[in-house]
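Right, one structure below, let's go through it.
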Amino acid sequence: MNFKIAVLPGDGIGPEISAQGVDVMSAVCERFGHDVEYSYALCGADAIDRTGDPFPEETFRTCLWADAVLFSAVGDPRFDNDPTAKVRPEQGLLAMRKKLGLFANIRPVETFDCLIHMSPLRKEIIEGADFVCIRELTGGMYFGEKFERDDRAYDTNAYTRNEIERILRVAYAYAGRRRKHLTVVDKANVLASSRLWRKVAQEMAPQYPDITTDYMYVDNAAMRMIQDPRFFDVIVTENTFGDILTDEGSVISGSMGLLPSASTGEKTPVFEPIHGSWPQAKGKNIANPIAQILSVAMLFEHFCLTEEGAAIRQAVNAALDANVRTPEIQIPDGPFYGTREVGAWIVDYIRNH
Ligand code: IPM
Ligand code: MN
């Protein structure tokens with residue numbers, strides 16, 4: 001294949017992990033005989049500083065040109081505690097999702113055998129946990145009508161039947177390829193939008209007789225996820241609940257720095273880690289590049305290049321097994337491997353296997 005990749009490194013640790021993702025992408029392309037061409041574009045705080053816009057038109061055009069976007073992270077503390085800021089880095093990410101029509105965010109939560117003891121949860125609870133959270137990404141409170149004044153503010157959690165149906169179809173497709181168990185997460189005891197989610201799901205469920213569909217309130221799901229994560233196979237939920245539940249889910253594996261995601265929908269798909277820009281670690285060469293590297297695996301798998309994806313996963317597992325790990329998951333007094341060293345080790349492994 002001849003890949004055209006838009007690379008959006010963004011802010012904080014973004015550029016450091018992005019570089020490792022790109023190197024891995026190149027190594028895999030070389031090994032499997034694909035051509036790859038990169039085009040870099042601005043997003044987030046970096047884009048605001050240079051253009052005033054967190055998702056400039058030129059970046060949008062680069063994304064449309066590409067077969068896939070390799071995105072890293074956006075966010076900058078300069079904006080976080082300034083409620084008067086008119087424009088924020090995160091708006092760049094949201095604009096990208098909206099303009100590319102990326103309504104389905106796929107966030108797999110897996111455990112790595114050699115890291116099981118790193119999890120804050122007990123081994124017996126998490127061993128074998130393996131689920132996918134399908135987060136609706138272009139609707140709900142993130143994009144609903146907003147009102148903001150000093151004495152009153154609101155966000156609107158709006159969903160249409162059509163938006164719910166299309167994300168449920170994605171979720172059913174995943175469940176069909178996996179353990180055939182779909183959990184629809186909502187707050188239908190309180191929210192009108194959730195009642196529509198549940199109604200639409202109940203209407204659709206009979207079309208998928210081989211899949212068990214169950215319904216769970218989000219508060220209960222949050223509890224179940226740490227009490228019994230193996231219960232879940234595929235979770236589907238709205239934008240806000242999915243954001244919160246996937247941060248919770250990421251802890252199960254032992255580090256947020258391990259989990260990738262794919263956002264797909266109408267236009268160019270985006271592959272990105274689920275973690276943020278970790279500004280405190282910027283430039284320190286300590287951020288884990290694995291979430292970014294595994295998002296490259298998801299990129300290949302999206303194009304049905306499963307061997308390419310498997311080569312990356314194998315290299316990542318080998319690195320973790322060999323203790324080639326960034327500090328947050330390193331064994332006590334273990335050797336130091338930074339972002340670059342972990343990335344380079346994985347690239348070497350891919351070249352030599
Ligand atoms: C994520 C992030 C974003 C979100 C932020 C940075 C806007 O937390 O991708 O989960 O809330 O969607
Ligand atoms: Mn989030």
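Even glycines carry a Cβ here, placed using N, Cα and C.
Residue density at Arg97 (substrate binding site): 22 other Cβ atoms are found within 10 A of its Cβ, drawing on all protein chains shown. What TrEMBL lists as substrate binding site is Arg97, Arg107, Arg135, Asp219.
Close to Asp247 (Mg(2+) binding site) in the fold, though at least 6 residues off in sequence, lie Met256, Ile274, each with a CB less than 8 Å from its CB. In the three-state DSSP reading, Asp247 (Mg(2+) binding site) counts as helix. TrEMBL lists Asp219, Asp243, Asp247 with the feature Mg(2+) binding site.
The domain 'Isopropylmalate dehydrogenase-like' annotation in TrEMBL covers 4-346.
In sequence order, Leu94, Asn239, Thr240 are the residues of the chain that are 6 or more apart from Tyr142 (site 'Important for catalysis') and have a CB within less than 8 Å of its CB. For Tyr142 (among others), the entry in TrEMBL reads site 'Important for catalysis'.
A sphere of 10 angstroms centred on the C-beta of Lys187 (site 'Important for catalysis') encloses 21 other C-beta atoms. Among the features that TrEMBL reports, site 'Important for catalysis' is placed at Lys187 (among others).
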Pick from Asp219, Asp243: which of these binding-site residues has the biggest number of other Cβ atoms within 10 Å of its Cβ? Asp243
Neighbours of Asp219, Asp243, Asp247 excl. site residues, C-beta within 8 Å of centre, Mg(2+): Val218, Ala222, Thr240, Phe241, Gly242, Ile244, Leu245, Thr246, Glu248
Go through the recorded positions Arg107, Arg135, Tyr142, Lys187, Asp243 and pull out the ones with a Cβ less than 6 angstroms from some atom of ligand 2. Asp243
Other CB atoms, at most 10 A from the CB of Arg135 (substrate binding site): 28
DSSP state at Tyr142 (site 'Important for catalysis'), helix/strand/coil: helix
Predicted model, mean pLDDT over the domain 'Isopropylmalate dehydrogenase-like' (4-346): 96
